[in-house]
Ligand SMILES: Nc1nc2c([nH]c(=O)n2[C@H]2C[C@H](O)[C@@H](COP(=O)(O)OP(=O)(O)OP(=O)(O)O)O2)c(=O)[nH]1
Ligand SMILES: [Mg+2]
């Protein structure tokens, strides 16, 4: 008989707040022990992800899930993952890496999702328990109904690992050329337009130029501006400065897909979690030319902060392109940088 592991650790603290619960309800849920669950984002070589439908009579029934199940007493998450994937979908894990950890309180249950990316496996994935299963292109994941706790998993899968932030540029043309060079040289998929020296009108003009450029058609463009301006510009992604983040009392109605924010402290990270941001940047990791005189967080503190944040975290500040591997071992989603890629 499987005995699920109940977590009472620091993971309790970083839970995403469930929607529309009374204060009393939330505090009761927060004291509840977390059920430790190992789940897998299984990818094939074509960029498809394997989904299974939860049986109607189970918790979160009828919704699509990343296969997995409860970690049993005495098991590591990796062992539980391997066992569950064999039992549920008949595959044997060959290679996996941690993707993200999410504590979440449902009204009736609290779970701690320990999510791995499985990049290599043996066997043919199938529904061994009669459940409906499907290989789904990553670009179509957003059209599937998942349990509410899964939102950060989707963000972690959909967002690229590397974010290029533009330095302040003299002209829109110089900015375009810089982006083109960096994207071409480093095979980047994600760009944040950050140009603090521009007025909103000038910024909007630069954005339209970028949006219409052929090279940006297949890339994710994030605008570092207000939500109102990003909506006006029909942006797919907006990035809030820490000042804008801390000034918000609730998640503004952003009409695009990804709402991110700059964080430098635990308080700002807490606010990003409370506002249900889709990702955060955490900086400065090291000393940087762009923010001289700012005390860096350092790798140890950053590691702690990442482990307490149930959102995809992109580390930023004085990093080199080769630091990506280290960033991943810390549990962060990836890295954001100007100088590492802008030449
Ligand atoms: N496997 C999986 N579980 C998820 C996801 N999202 C999510 O909220 N959960 C929740 C639903 C359940 O409360 C819990 C997982 O339990 P489970 O039903 O998969 O556990 P299990 O495979 O060990 O099944 P059982 O023996 O308890 O029947 O985590 C997800 O993407 N995958
Ligand atoms: Mg399961």
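Glycine is no exception: its Cβ is also placed from the backbone N, Cα and C atoms.
Predicted automatically and left uncurated, TrEMBL annotations should be read as such.
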Can you match one of 31, 48, 150 to the 8-oxo-dGTP site that TrEMBL gives for 54, 59, 65, 66, 67, 68? 150
How many whole Å apart are the CA atoms of residue 66 (8-oxo-dGTP binding site) and residue 88 (Mg(2+) binding site)? 11
Which has the fewest other CB atoms in a 10 Å radius around its CB: 54, 65, 66, 150, the listed binding-site residues? 54
Euclidean distance between Cα atoms of residue 88 (Mg(2+) binding site) and residue 59 (8-oxo-dGTP binding site), Å: 16
For 8-oxo-dGTP, residues beyond 54, 59, 65, 66, 67, 68, 150 with C-beta within 8 angstroms of the site's Cβ centre include exactly 37, 39, 52, 60, 63, 64, 146, 147
